[in-house]
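Peer 1: Please read through the structure below; I'll follow up with questions.
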Amino acid sequence: MSLYRKRLRLVKGEGIYVWDSQGKKYIDLIAGIGVNVLGHNHPEWVSELQEQLEKLVVAGPMFDHEEKYEMLEELEKFVTYEYVYIGNSGTEAVEAALKFARLYTGRKEIIAMTNAFHGRTMGALSATWKPKYREDFKPLVPGFKHIPFNDVEAAKEAITTETAAVIFEPIQGEGGVVPANEEFVKTLRDLTEDKGALLIADEVQSGLRTGKFLAIEHYKVEPDIVTMGKGIGNGVPVSLTLTNFDVERGKHGSTFGGNPLACKAVAVTLRILRREKLIEKAAEKFIEIKGENVVLTRGKGLMIGIVMKKPVAKVVEELQNRGYLVHTAGQRVIRLLPPLIISKDEINQAKSAIEGVINDIYGRKN
């Protein structure tokens, strides 16, 4: 069962390119919604994962394995968090973060943001904003409330000694590729510290893409919990929940979480990203789309939102016709989440194509 309208049947990928069942080639500026950070069929990554498939795939949570320590050794080169819970998806990372926050503080209230997206399982869905995701599944988990994103005064009013945690995306993805402003992030950090609550940064989409390992690093603020997913395994389902506090063993767990194949995928992905400096180079590849019908381009690095004056569906469709795959973030935002291996020339080629299609589409009388 698929929840998405069928558009293309893709059959193979190589680097930043994918091919459909008719043999047509596309530049992939979606990358599985930000997943394939090393592109498709990266030779080193594929080779190491093939070796792992022949060695050990799942061991079960009651056993240890060397791939976990290989992953942790690579992870420690990017972050200083003391504890990591390994799951299978971004929504699982968020569920873990919410459970850990309630366990650690003994409180129930979770504050999330308008236009936030944190996942589709019940806890993460309760923190998600858009009614189209929520309405059919009510009643959701009690104890959640939303405040306007980037509203300092609303944060001051909402965060109290009853609050277990505040969860937010440093750059809202599904919400339109909207960065948090510095004053707002600093206010969240100051208020949560003052009230004894925890600050959770959801980096499932923004992690790795903005020129720094975590987008929150741009704000010089350290959250209590960070969630990561999508690109961290370059396509193998895996997620991380990072904290500086321990959680009692047995309070949370997963059959597949932390399996050798997933840990190997993270280790190899991080090693290649670090060696090739792909995270740092992403900062230099941000493109600004210009045109009479463009309101603005926002985001950081290779997490890009192009805000239009009119709905973007026709632009997305025509770009696909011309061999470029892009995504949306609402009716009026084109979202780009390309592989980090994309070159400056290639991203500039995409920029020209997008500007050309926008001008062609909106230049028509119909």
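Just so it is clear, glycine is given a Cβ too, placed from its N, Cα and C backbone atoms.
Note that the structure is predicted; figures quoted are calculated from it, not measured.
For reference, Swiss-Prot lists these features for the protein:
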- Gly90, Thr91, Phe117, Asp202, Glu203, Val204, Gln205, Thr255: pyridoxal 5'-phosphate binding site (BINDING)
- Arg120, Ser254: substrate binding site (BINDING)
- Lys230: N6-(pyridoxal phosphate)lysine (MOD_RES)
Peer 1: Given Arg120 (substrate binding site) and Gly90 (pyridoxal 5'-phosphate binding site), what distance in Å do their CA atoms have, once rounded to a whole number?
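Peer 2: Spelling it out, the Cα of Arg120 (substrate binding site) and the Cα of Gly90 (pyridoxal 5'-phosphate binding site) are 10 Å apart.
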Peer 1: What residue among the binding-site residues Thr91, Gln205, Ser254, Thr255 has the most other CB atoms lying within 10 A of its CB?
Peer 2: Gln205
Peer 1: Express the distance between the Cα positions of Val204 (pyridoxal 5'-phosphate binding site) and the residue listed as 'N6-(pyridoxal phosphate)lysine' as a whole number of Å.
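Peer 2: Val204 (pyridoxal 5'-phosphate binding site) to the residue listed as 'N6-(pyridoxal phosphate)lysine', Cα-Cα distance: 6 Å.
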Peer 1: Looking at the binding-site residues Gly90, Phe117, Asp202, Gln205, Thr255, which ones sit with their CA no more than 10 Å from the CA of the residue listed as 'N6-(pyridoxal phosphate)lysine'?
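Peer 2: So the list is Gly90, Gln205.
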Peer 1: Within its own chain, what residues at least 6 apart in sequence put their Cβ under 8 Å from the Cβ of Glu203 (pyridoxal 5'-phosphate binding site), listed in sequence order?
Peer 2: Glu169, Pro170, Leu214, Ala215, Ile216, Val226, Thr227, Met228
Peer 1: In terms of DSSP three-state secondary structure, what is the assignment for Asp202 (pyridoxal 5'-phosphate binding site)?
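Peer 2: Note: Asp202 (pyridoxal 5'-phosphate binding site) is in a strand by DSSP.
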Peer 1: Taking the Cβ of Asp202 (pyridoxal 5'-phosphate binding site) as reference, which residues of that chain separated by at least 6 in sequence fall under 8 Å from it?
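Peer 2: Counting only residues 6 or more apart in sequence, the Cβ neighbours of Asp202 (pyridoxal 5'-phosphate binding site) under 8 Å are Gly90, Val94, Ala97, Ala116, His118, Ile167, Phe168, Glu169, Thr227.
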Peer 1: Per the record, pyridoxal 5'-phosphate is bound by Gly90, Thr91, Phe117, Asp202, Glu203, Val204, Gln205, Thr255: how many Å separate the farthest pair of Cα atoms?
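Peer 2: Among the residues the record ties to pyridoxal 5'-phosphate, max Cα distance equals 25 Å.
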Peer 1: According to DSSP, folded down to helix, strand and coil, what is Lys230 (N6-(pyridoxal phosphate)lysine)?
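Peer 2: In the DSSP reduction, Lys230 (N6-(pyridoxal phosphate)lysine) maps to helix.
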Peer 1: Identify which of the recorded positions Arg120, Lys230 has its Cβ surrounded by the largest number of other Cβ atoms within 10 Å, counting every protein chain shown.
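Peer 2: Sorting the candidates by Cβ neighbours within 10 Å, the top entry is Lys230.
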Peer 1: Any idea what the Cα distance is from Phe117 (pyridoxal 5'-phosphate binding site) over to Ser254 (substrate binding site), rounded to a whole Å?
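Peer 2: On Cα coordinates alone, these residues lie 23 Å apart.
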